[in-house]
Amino acid sequence: MYKQLDTLLAQAGISLTDQQKQRLLGYVSLLDKWNKAYNLTSVREPRDMLVRHIMDSIVVSPYLQGLRFIDVGTGPGLPGIPLAIVRPDANFTLLDSLGKRVRFLRQVQHELRLDNIEPVQSRVEAFVAEPPFDGVISRAFASLQDMVSWCHHLPAAHHGRFYALKGGVPQDELQSLPAGVSVDQLIRLQVPMLEGERHLVVLKSD
């Protein structure tokens, strides 16, 4: 799979160290192993995980501004763990309410020696951000309206951003954003070998 990952990274124009590549593959291996017992993802094949989980996550990396991020509704660590591997300079809090997922995240943290992630079991509304985060990230977590409503207390007041990974452009969601929140960027993502559109919606508080 190393060769497949190399090919995908080259197609995406992403340059990583050998250690980063090995950690990404190690994460896929752990996800595949735990998935058999814990049903963490509907994607069953490791080769598909490379495209639909790893590449789909790390193409967001160039657009993240800041050093402290929280991945809300992270599930098995997506996109937080792949992003933490490719952004060792930044810290990622991985938030999920389900114990089995958080146990998996802690195992990944231990086995891959990732010191820039912090798995936390909590509902997003109950989590206290001290200090607030540079960015709040979500992938298949909620509508933009719900994301802003549930996570409004998490980003830093002036420079904090919401980063939502979406498929097609969510026009209905964009038109129903709550007052005081606007679109900062709408970025079409290029994910090698992935069918369908992918977009990153970046929101800011006015």
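We number each residue from 1, going along the chain as drawn.
Note: Cβ is positioned from N, Cα and C throughout, glycine not excepted.
Site annotation for S-adenosyl-L-methionine in Swiss-Prot covers GLY73, LEU78, VAL124, GLU125, and the matching candidate from ARG106, ARG113, ARG139 is ARG139. Remark: GLU125 (S-adenosyl-L-methionine binding site) has TRP150 as non-local neighbours, by Cβ distance under 8 Å and separation of at least 6 in sequence.
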